[in-house]
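Quick one: structure below, then a few questions.
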Amino acid sequence: MLSALLWIPLLGALIIALWPSPLSSTRVRVGALVTLAITLGWTLYLVGQFDVHNPEFQFSEYWPWLQSLGLSYRLGLDGLSLPLVCVNSGLGLVAVYSSADTVHRPRLYYSLLLIISSAVAGAFLAQNLLLFFLFYELELIPLYLLIAIWGGAQRGYAATKFLIYTALSGVLILSAFLGLVWLSGAASFDYSSTLAQGLPLAQQVLLLGALLVGFGIKVPLFPFHTWLPDAHVEASTPVSVLLAGVLLKLGTYGLVRFCLGLFPTAWLALAPWLAGWAVVSVLYGSLAAIAQTDMKKMVAYSSVGHMGYILLACAAASPLSVIGTVFQMVSHGLISALMFLLVGVVYKKTGTRDLTILRGLLSPERGLPLIGSLMVLGAMASAGIPGMVGFISEFFVFRGSFVVFAPQTLLCMIGSGLTAVYFLLLVNRAFFGRLTITAEPPEPPIDPMLPEVSWRDRVPALALVALIIAFGLQPGWLTRWIEASSFQFVEPPQITAVAPPALLTDPPTPPRR
Amino acid sequence: MKKARINPQITTYVDRLLQGKTLLPESPENLIEVVGVLASYGIVLDAYSKNLIFIADQQFLVLFPIFKYFNGEINPSKILRYFWHDRINYEYAEYCMRTMLWHGGGGLDTYLDSDVFLTRCRAAIAAKVRGNLLMRSLNRLFPDFLPEQVRQLAYYSALGQFWRIMSDMFNDLADKYDQGKIQSIGQVVEHIKAGLVADAATPITYAVNIDGQRYELIPDSAGLTFLPDTAIPYVETIFFRGTPFFGTVSYNAQAQQISPDQSRFDYGALYADPIPIGGAGIPPTMLMQDMRHYVPDYLHQLYQQTPRGEADIRVQLCQSFQKSMFCVTNAALNGLLPFPKETDNPEEQTANRKFLSEWVERLMDSRLDVVQIV
């Protein structure tokens, strides 16, 4: 069943790429849309079949691929990967839907998008370390090409930088996996939370360190983040949506699944340092975002900050904070995708993302009032305003982490305040005031006119907003899938220390006096 | 003593006016915009005018005139349409009336402050409050309140009468355009000027009937006429001064953003920014909202050719309206020139030039430079 999530988009990519007769861009786009709609439909079917009370991997599939190497085709779905698979399917569809009709070399473009969807799904489902690595690397080349071919003016530089950083990330992850299996003497690379149990702490710390840097590049965390703003600025809007919404989550997923999941003892030893790292990343990302004048760079740096919350919650490793990590991944996926979509529309209509130039885009009739309103809503969601998914995820993260790392959590909460600062700066600069799209006010003051925004540009953003509000008002619709599996990553003593009774499957009976 | 230097732009515009050219450049698009928007404005003004006169005549000292916008026709379907907001925004007409009342100027303002008016006014009030204990008590407690209300009602009537004439003038312009008799901006200006001059001496009067008795509040003998007592104060108030509130921009009086001298206000129609910035209930927007229902086909076609089509029709109407108001201002200036512009007398030429320079100087901060972009 799970294989379908990999093979449907891959098959779609192959059909589009190898179709014998010429295909118009619109037809290719429709083909890709249908493929991803089927994938999303299948994902939702799996959601319906998923047993929320079972913390183990479900719908498991196994095929001994290269037994001599320890590589097997082992897939499984649990509460950690299920929401991310859904986000991947959903945002893949959004990315294709929001792609321009006139994209050049459409067959290659849409094939690459479909391959990414397939590879990311594979990475989230893989229960073999080598298989995960293969999928992790498989998304690298399509994304490189998407930036290098369909990117902006500095696309070559940005794509190469992305390639080098992410390739290094892959090397470190592979080294850690190889080291783990060889040192532990395991017969295969199959995922097991007990793989590192017999290793001395020093070896565990060394392997965990390699994984942390590897996934830290992908997340990205300070100081490995520098590829991200460049990649976002040069990437087209659909690619930015995928990059921020889905691909960064491979890094955070890796932190939970492989760092916390495989090395709980070493993780516990390093946790205070990791929490400190999270603080630096959050504050650096937020302060850097404040300094930006490019809307896309601002959103990109906000990602650096918000990914820091995940590291903090991961470091705390309490039941609530682990739920917070998954919630924050979904929340960030939806919100950042929304923000990049909206910035994309602004760029498409005004030809610039420069905050020193844009003014008054909320202007009714001539400006982008709905896009501006959605941007205000996205900024509110990102800043953690109640009623939206951002509030719930940050509440889980901070509430779950505070009992373990109080000072670090408080410092990270400053980052949440800073989110309001930079997004309000963005909204205030670009959306309020008189409509202007020139650096110097023209003399005489001409009345600018922006092209009308079509419903095609609005629909994906509205869909994301609906989800952001729905999960903000009903977080239980998301936590119910995560809850059981998240306890697998928590050390038993900490469960009773920090988890609120409502979140435990079997709340402890209070002692009678 | 060193002579103050005149802005060369002022000289250019004054020269242009003295040569018989127009403030608004000649172009086929400008002609369509101006005539089209005045055609729809004429229809809207007709409605405004009827309602203002209805309120002045039929809602005289009605303290809670909740049906004042119904023109006496009150039925469930009209009430439903009212709440659905499928109606003319008569509030805009009242906004203009109050702005005129506030800025004053002209013979009407002087007359309403005279003892003659007060005597007539008190007689009408006495008749109105007779048998009405509440009104009588109110009048005793606040003796200036009801006279001030009557002054306002006099402005309702005066503006209604002014717009009656202007509405007919604009409708006539639209008819002439349809007949092919108007083919340039110059002809538009000339048509308006001719209308202003023709009706210059039309009397402005106001009387109400109370219990079968007629009370003349502004009698013929007051000598108030269309051009000096309503048209000129209207142009001064609505085109030039306006009000710093009710607009789309928030001005900060404490920060000296508003001139303490009311006569130096420049928030009028000729200065208004057509790009809305998200305010609600903006009077000019209400006018554009009303006009959009009556836009002639040729103007629709012109708007449809713009990049946003008719999605921003209210902004486009505002831009066109502003152009048309420059034509009206142009016509008024031509009509008010102290001497014929063709005069050979140097003293008369100087007087004309001085007259125009003073007005054009006030237009330097208006959107005159923007409408020059054809």
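Cβ atoms are placed via backbone N, Cα and C, with glycine included.
The model shown is predicted, which means the values in this text are computed figures rather than measured ones.
Copying in the features that TrEMBL gives for the protein in this structure:
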| type | residues | note |
| --- | --- | --- |
| TRANSMEM | A:6-23 | transmembrane segment |
| TRANSMEM | A:30-48 | transmembrane segment |
| TRANSMEM | A:75-96 | transmembrane segment |
| TRANSMEM | A:108-126 | transmembrane segment |
| DOMAIN | A:126-418 | domain 'NADH:quinone oxidoreductase/Mrp antiporter transmembrane' |
| TRANSMEM | A:162-185 | transmembrane segment |
| TRANSMEM | A:240-263 | transmembrane segment |
| TRANSMEM | A:269-291 | transmembrane segment |
| TRANSMEM | A:298-320 | transmembrane segment |
| TRANSMEM | A:326-347 | transmembrane segment |
| TRANSMEM | A:368-392 | transmembrane segment |
| TRANSMEM | A:404-427 | transmembrane segment |
| TRANSMEM | A:459-478 | transmembrane segment |
Taking 3+ C-beta pairs under 8 angstroms (sequence gap of 6 or more) as contact, is the transmembrane segment (A:108-126) in contact with the transmembrane segment (A:368-392)?
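They are not in contact.
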Answer with yes or no whether the transmembrane segment (A:298-320) touches the transmembrane segment (A:269-291) by the criterion of at least three Cβ pairs under 8 A, sequence separation 6 or more.
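Since 3 or more Cβ pairs under 8 Å link them, the transmembrane segment (A:269-291) and the transmembrane segment (A:298-320) do come into contact.
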For the transmembrane segment (A:404-427), name the stretch out of A:75-96, A:298-320, A:326-347, A:368-392, A:459-478 with the most CB-CB pairs under 8 Å.
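It is A:298-320, which has the most Cβ pairs under 8 Å.
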I'd like to know if the transmembrane segment (A:240-263) touches the transmembrane segment (A:459-478) in this structure, counting it as a touch only when three or more C-beta pairs sit under 8 Å and are separated by 6 or more positions.
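Contact criterion not met.
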Could you give the residue numbers and ranges of same-chain residues that sit at least 6 residues beyond the transmembrane segment (A:240-263) on either side and whose C-beta is under 8 angstroms from one of its C-beta atoms?
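For the transmembrane segment (A:240-263), the nonlocal Cβ contacts are 80-81, 84, 87-88, 91-92, 94-95, 98, 113, 116, 120, 123-124, 129, 132, 136, 139, 143, 169, 173, 180, 191, 193, 195-196, 204, 207-208, 211-212, 214-220, 228, 231-232, 296, 299-300, 303, 307, 310-311, 314, 317, 322, 325-326, 329, 332-334, 336-337, 339-341, 343-344, 488-489.
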May I ask which of the stretches A:6-23, A:326-347, A:368-392 has the most CB pairs under 8 A with the transmembrane segment (A:75-96)?
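The stretch with the most contacts is A:326-347.
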Give the nonlocal contacts of the transmembrane segment (A:368-392) in its own chain as ranges (CB under 8 Å, at least six residues past its ends).
302, 306, 327, 330-331, 334-336, 338-339, 342, 345-346, 349, 361-362, 416, 419-420, 423-424, 426-427, 431, 450, 453, 457-458, 461-462, 465, 467-469, 471-473, 475
Using a Cβ cut-off under 8 Å, which residues of the same chain at least 6 positions beyond either end of the transmembrane segment (A:6-23) come close to it?
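Here the qualifying positions are 31-32, 34-36, 38-39, 42, 75, 92, 106-108, 110-112, 114-115, 117-118, 121-122, 125.
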